[in-house]
Amino acid sequence: MEFGLSWVFLVAILKGVQCEVQLVESGGGLIQPGGSLRLSCAASGFTVSSNYMSWVRQAPGKGLEWVSVIYSCGSTYYADSVKGRFTISRDNSKNTLYLQMNSLRAEDTAVYYCAR
């Protein structure tokens, strides 16, 4: 009975959060060391340029690691591990956030997430 109640409660929570804000990432792939890749994060339900937006990543078996942030004013900051190799940007007309990743290393292997 407890399981059934928990499940109904979870459904109720999820139903209340339906697609007000959505972030859809794309652009991942398998790349050789030294290669480049650009990640995209298309936003809906809010304006990317009016918020600060971040990229974070999670390497296999590890916790979340902050990668980069872009503020509404356009200022950008990077983790030391990616500085000089990664570039965060946004296209206000497409309401999309980007992460250009160059000179990729084995240690950059991770699942990447955009976040508001």
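Glycine residues also receive a Cβ, built from the backbone N, Cα and C atoms like all the rest.
As the structure is a computational prediction, the values presented were derived from the model and not from experiment.
Looking up Cys114 in Swiss-Prot gives a disulphide bond to a cysteine among Cys19, Cys41, identified as Cys41. Over the region 'Framework-3' (77-114) the predicted model carries a mean pLDDT of 97. Here the region 'Framework-1' (20-44) does not lie next to the region 'Complementarity-determining-2' (70-76) in space: the count of CB pairs under 8 Å, restricted to residues six or more apart, is fewer than 3.
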